[in-house]
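Trainee: Okay, here's the structure, questions in a sec.
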Amino acid sequence: MAATGTAAAAATGKLLVLLLLGLTAPAAALAGYIEALAANAGTGFAVAEPQIAMFCGKLNMHVNIQTGKWEPDPTGTKSCLGTKEEVLQYCQEIYPELQITNVMEANQPVNIDSWCRRDKKQCRSHIVIPFKCLVGEFVSDVLLVPENCQFFHQERMEVCEKHQRWHTVVKEACLTEGMTLYSYGMLLPCGVDQFHGTEYVCCPQTKVVDSDSTMSKEEEEEEEEDEEEDYALDKSEFPTEADLEDFTEAAADEDEDEEEEEEEEGEEVVEDRDYYYDSFKGDDYNEENPTEPSSDGTISDKEIAHDVKAVCSQEAMTGPCRAVMPRWYFDLSKGKCVRFIYGGCGGNRNNFESEDYCMAVCKTMIPPTPLPTNDVDVYFETSADDNEHARFQKAKEQLEIRHRSRMDRVKKEWEEAELQAKNLPKAERQTLIQHFQAMVKALEKEAASEKQQLVETHLARVEAMLNDRRRIALENYLAALQSDPPRPHRILQALRRYVRAENKDRLHTIRHYQHVLAVDPEKAAQMKSQVMTHLHVIEERRNQSLSLLYKVPYVAQEIQEEIDELLQEQRADMDQFTSSISENPVDVRVSSEESEEIPPFHPFHPFPSLSENEDTQPELYHPMKKGSGMAEQDGGLIGAEEKVINSKNKMDENMVIDETLDVKEMIFNAERVGGLEEEPDSVGPLREDFSLSSSALIGLLVIAVAIATVIVISLVMLRKRQYGTISHGIVEVHPMLTPEERHLNKMQNHGYENPTYKYLEQMQI
């Protein structure tokens, strides 16, 4: 019956846990853990999880899981354990009724009142980081993710780190994201207080999480202690037993002296607050006027700032122990964290395990770097964004204002110098004039150089943004083509975005050329061929991308009209640009030559119109197979190699998309779209419409004529070669030849020909 009652109580507790889980995840996790403790203990209902706390020179403390209060060591002898294994053994001794399997350092420090020394009546309050005694199978904590905060986790099966190391890792990870650590927990235990991973919640630095009106007093204290923990130091490694004895005796002597002074004065013992970050209490923890706690028990931001200043302004202290532990301390004179050797005990709180953790705590001691107020400096120091053009205009205006200010100052100095130099000889006045002319020339040269740098930076950023947008649009377009079954509406939307991205690149190139043409015609004439080549490549790349639609003929026919409209709009812009170039009298000859390179517009008709009797449903074509196209990483459509191409390519059967102007682009092979059985009746007209422009047709004809000429010449040479072996001249006979060789030479002189060689020559023809 007792077992049945216990099982019923456990089932009832689990049901309550499930009901509370939807309301508050952390409370549910804690309730479930306490219920497990109660079931494991078998004696009463647990209200707290088992924990122990240590402070050298004082008796160890542990939590009474039935009352939730801290109690001293029952034997009255145990104090300051040396290793994590000893901590685990002590947990098992204190809680024999529980199945303690591991220990873990707590995330937050706690304030323990009335902490007494062994065989002494003197008691004080100390803030320490306790150890949790884990019961049964390890269960990770349930973390609450407030609004605007983010949840992360890290798992590294190849490493096994202690709790404090993971704490440092997650703090640095949040700082890297520009956020602060809100809460964290451990994952996958691999040893005593060692784990394979962690989970954590990061919140924005300006995020202030308001406590709920129904939050209990314990939860409020945990939040306040969490703020205090942000400035806490790493716990040191456990020292040796000899170090423990030396330091414990020193602490005992100090406490006895203090106790005698208090008894002589007859004053009551006043509890103070000592911070406990290392394994031991330092002699100088309260050297620099520790901040008194607030009357309401909370720690204000002012108190925290004062405590950080007191910590980070201390000098490095090795301590009385003789271990060799590389640590970091904040050097106030240098404004950065510097290495030093820690002895293993004592010392002060300016003691950190890593440089990043040191800087995270003491960064408020570094005076902030003044932000640049000049728009030009701001432009160069910030990366490109959607406001690139506006920031460029502001920087250019600021550059012009700065140049005018410098010129006005030099002009004013020049005028003052001329007034003072009226009575000087002519040679000296001439030298003065040359000096100021050189200054003006240098300022103009400097302004031109700064403006050139600004323009080049702007162009590079714009080109990079255009390339990124085009790449993303092309990837989406190819992904839409690869979908099974392909959706015409989605393909058309992706194609519109891709064509729009290409058009933005075209307009940017045109506007830049027109601007250079208006400012510097000579430079425009030099870059004109490059601009025309780039525009031609844009059109070829667009046509090659459109030609991929022949892999899905049903979709191509359905969106044919919309594609024609897109091409007509872009062709109108291109014709306007060509006409604007031709109107320039300086470049008429070049424009007329290069304008012929631009292929005439042909509406997009990839397939002949199908009759109503012909079935145009998707089952006529085979959809692209996943794994044969883009899905393959090595041979896929998008997984192709990157290459820098500096000249126009020829459109061959591989349909390679290229790029010029030293812009890295992806090269796509249309054969890899794959999975289709090409039909000559449908593929032929498409390639003729897309790849055979007037200039390309002339080039092909020239190549064909050249090939035919080579073939004819080769045939003529072969025909002559048949009779080329007959020689009617006199051949000198070598005196050392055998009679057979001499006879063969005579026969060849009279027209003899080996029939075997003649047969082989005829076979080659």
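Each residue, glycine too, has its Cβ placed from N, Cα and C.
What you are looking at is a predicted structure, and each value in this text was computed from that prediction instead of being measured.
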Trainee: Which of these, Y95, Y184, does Swiss-Prot say binds Cu cation at the same site as H163, H167?
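Mentor: Record check against Swiss-Prot: Cu cation site with H163, H167, extra candidate from Y95, Y184 is Y184.
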Trainee: With the disulphide bonds as Swiss-Prot has them, who is the partner of C91, out of C56, C133, C149?
Mentor: C133
Trainee: Looking at 406-420, 421-435, 496-510, 751-765, which one does Swiss-Prot call region 'Interaction with DAB2'?
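Mentor: My reading of Swiss-Prot: the region 'Interaction with DAB2' range is 751-765.
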Trainee: With reference to Swiss-Prot, specify which of the listed residues C123, C190, C202 is paired with C160 by a disulfide.
Mentor: C190
Trainee: Among S79, S216, S294, can you tell me which residue Swiss-Prot lists with the annotation phosphoserine?
Mentor: S216
Trainee: Say which of C80, C116, C123, C203 is recorded by Swiss-Prot as the disulfide partner for C149.
Mentor: C203
